[in-house]
Amino acid sequence: MASQILSKQDIGRLLDEIACKVVEQHQDEGTIYVIGIHTRGYPLAKRLAQRLKTLGKSVKIGALDITFYRDDLTMIDKKPVVKASKISPEIDDKVVLLVDDVIFTGRTVRAALCEIMDYGRPKRIELAVLIDRGGREVPIEATYVGKKVEVGRDYIVDVKLTEVDGTDGVWIFKRS
């Protein structure tokens, strides 16, 4: 049985809080490159970028498909669906804000970092996630976290976003 832990309004509030923290940390910074990890990190990145613009920050948006950078590519699917990565070629010496829906083992973020570095050498890369569920396998931590949720490996944190799923919310349920 699934238990809802965040509503549409909660997600909006958490993104507002993250945006305020980003602006506070980067008052003197020029353009921030907000890059979302497909699939749900990208719509979150677009929402976060809009909030940053509203708060007066200059923002460029991008998307990453880390499929070919994964260390488990052969285990996930024989014919993976690959989406286009769209990153500005001007990320050298710029602040990059990487965005994803959930951080768990850290392996997705590790793959995203490898792909970003193939595009250039940013001044700094920060990570914003809606949910940090713990359980890291690699030494990666988010700079900005919407909500921390400690759940075991036998649970799934299911983020739904209107742009992908037709609704907004976060649910936790036990793996069957």
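Cβ atoms are placed via backbone N, Cα and C, with glycine included.
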*The annotated motif 'PRPP-binding' range in TrEMBL, which must be one of 57-69, 96-108, 109-121*: 96-108
*Over the domain 'Phosphoribosyltransferase' (2-150), what does the predicted model average in pLDDT?*
93
